[in-house]
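Taken from Swiss-Prot, the feature disulfide bond applies to 42-131, 44-60, 59-111, 65-138, 66-104, 91-102, supported by similarity to another entry. If you look up Swiss-Prot, you'll see 121-133 marked as region 'Important for membrane-damaging activities in eukaryotes and bacteria', on the strength of similarity to another entry. Taken from Swiss-Prot, the feature signal peptide covers 1-16, and the record attributes it to experimental evidence. Positions annotated as site 'Important residue of the cationic membrane-docking site (MDoS)' by Swiss-Prot: 121, 124. The site 'Cationic membrane-docking site (MDoS)' annotation in Swiss-Prot covers 128, 133 and is backed by similarity to another entry. Taken from Swiss-Prot, the feature site 'Hydrophobic membrane-disruption site (MDiS)' covers 130, and the record attributes it to similarity to another entry.
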């Protein structure tokens, strides 16, 4: 519960793609992004990449890999242009660097929706103590 509170505090007043990512997740899944994915499994949240526990956790793993490929981007400060059209995320950003960030966020939001059947409530707030530190390569 403490982790969830900390994640909520971190998101308050934050601008940039972190907020846009949360909106995308809400639009794609209908779920509160902080509550359902803020500390899920071994890869969702601020800690480094670890071996994914399930398909939902793999979504976060792949999102971190996607962000790792970005150069000169700051997901906390940078924001991009996107819209929700006909129940689909459309990245409208002209800046190539920010468009890539938008595409990373879009991919994880869609991944969460496509893997909702693998979501394990027991992993919602994972302390990551028992997560294997050797991740697969991106």
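Glycine is treated like the rest: Cβ placed from N, Cα and C.
Feature map: annotations from Swiss-Prot on the structure.
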residue : record                                                                : contacts (Cβ under 8 Å, 6+ apart)
44      : disulfide bond                                                        : 37, 38, 57, 59, 60
66      : disulfide bond                                                        : 103, 104, 107, 108
91      : disulfide bond                                                        : 80, 81, 82, 99, 102, 103, 106
121     : site 'Important residue of the cationic membrane-docking site (MDoS)' : none
124     : site 'Important residue of the cationic membrane-docking site (MDoS)' : 35, 36, 39, 40
128     : site 'Cationic membrane-docking site (MDoS)'                          : 42, 45, 47, 50
131     : disulfide bond                                                        : 41, 42, 50, 51, 53
138     : disulfide bond                                                        : 49, 62, 65, 68, 69
DSSP residue counts for the region 'Important for membrane-damaging activities in eukaryotes and bacteria' (121-133), split into helix, strand and coil:
3 helix, 1 strand, 9 coil
Can you give me the Cα-Cα distance between residue 111 (disulfide bond) and residue 130 (site 'Hydrophobic membrane-disruption site (MDiS)') in Å, rounded to a whole number?
24
Helix, strand or coil for residue 60 (disulfide bond)? Use DSSP.
helix
How many other Cβ atoms are found within 10 Å of the Cβ atom of residue 104 (disulfide bond), counting all protein chains shown?
24
